[in-house]
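Submitted below is the structure of interest, expressed as structure tokens.
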Amino acid sequence: MIPGNRMLMVVLLCQVLLGGASHASLIPETGKKKVAEIQGHAGGRRSGQSHELLRDFEATLLQMFGLRRRPQPSKSAVIPDYMRDLYRLQSGEEEEEEQIQGIGLEYPERPASRANTVRSFHHEEHLENIPGTSENSAFRFLFNLSSIPENEVISSAELRLFREQVDQGPDWDQGFHRINIYEVMKPPAEVVPGHLITRLLDTRLVHHNVTRWETFDVSPAVLRWTREKQPNYGLAIEVTHLHQTRTHQGQHVRISRSLPQGSGDWAQLRPLLVTFGHDGRGHALTRRRRAKRSPKHHPQRARKKNKNCRRHSLYVDFSDVGWNDWIVAPPGYQAFYCHGDCPFPLADHLNSTNHAIVQTLVNSVNSSIPKACCVPTELSAISMLYLDEYDKVVLKNYQEMVVEGCGCR
């Protein structure tokens, strides 16, 4: 497919997509009703031809988004605040970036520099006390990473744990505790209680009197599970207190739903595994900076006499095609498109190639040779935050989605 024309299929959907329930896996009924109305005014197409076009568009769009089937998010799906904040930081919108910096979140420059996809995973609520350890001091977490595509190469992974300030004891502000993260090398059933076989991945000595998220590098374990296809027995988290006055072991580190502080915020404060990967298509998640968010519509200045090749406004609203149930952000974006004449002689501002100049020259004396065409000459990427077909939250960079410049080619 010609680069730059992929996203134009979204617009073409409103002209060609029509089919029965058997072909509705990607485009829901709301979008198809709009298409049917448009086709009714345009004369429509034969049913068989429309079904075939629908299948072709569906397969192409699924491949473009890296999905096996259309996501059908459940009502219980949770979008971690971290992923929303990461999207805002990556999008580079100044007003939102200032708000995020106010809560102390920093953009992960190093992991993101080698990735075009960020995925988040919650453990499967299969929380187990590790045999032989102190009560509530060590836990094992199982993260199901089977939804990561085979062609996606993981470069790094991190485990995020939320910890709350400890205010128990007369000298609580002098205390420290250590958080150790291990990879479980063998399942608990195969080892003697109290002697779980693990390897240390990361450790941190933290002060009691701070409330914040802690990030731990678990890349070695995740790379073993994804690249080397080794069995995934999960991660073990151990909290060791170094202060003489005993506190409620582990209860200030949010690794359990049954904390006395309440479970209403558990969905946002539970442990989060984040992977950074690249599927081999396009560039990494480079951080963009923009002064202001682009408005939904950009009316062009009146150019009654100028019909030459130029960029025109084209806003793609994901709700129009029924994708707003699984695309979290953005709600839509300004894609733009190129349209206009490429008259002889070609002016410098039409951004023409030498071949286009020669072709236009020949066309001026031989009309059987077509004129040069007005096409995109520069395209840029957008970031999308969405729920995949497994209800996992994904932040992905998609190339060639926005027309930045047009020219005669």
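Every residue gets a Cβ built from N, Cα and C, even glycine.
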Identify which of CYS14, CYS338 is listed by Swiss-Prot as the disulfide partner of CYS406.
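Its disulfide partner, as Swiss-Prot records it, is CYS338.
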With CYS374 as one half of a disulfide in Swiss-Prot, pick the other half from CYS14, CYS309.
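So the cysteine that Swiss-Prot bonds to CYS374 would be CYS309.
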Could you tell me which of CYS14, CYS408 is bonded to CYS342 by a disulfide, according to Swiss-Prot?
CYS408
Taking the Cβ of ASN209 (N-linked glycosylation site) as the centre, count every other Cβ atom within 10 Å, in any protein chain shown.
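Here the count is 13.
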How many other Cβ atoms sit within 10 Å of the Cβ of CYS342 (disulfide bond)?
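Counting Cβ neighbours of CYS342 (disulfide bond) within 10 Å gives 24.
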Check the Cα-Cα distances from ASN209 (N-linked glycosylation site) to the disulfide-bonded residues CYS309, CYS338, CYS342, CYS408 and tell me which is shortest.
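Answer for the nearest of the disulfide-bonded residues: CYS338.
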Expressed to the nearest Å, what is the distance separating CYS342 (disulfide bond) and CYS309 (disulfide bond) at their Cα atoms?
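So the alpha carbons of CYS342 (disulfide bond) and CYS309 (disulfide bond) sit roughly 6 Å from each other.
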Validating a neighbour-count step here. Other CB atoms within 10 A of the CB of ASN351 (N-linked glycosylation site): how many?
18
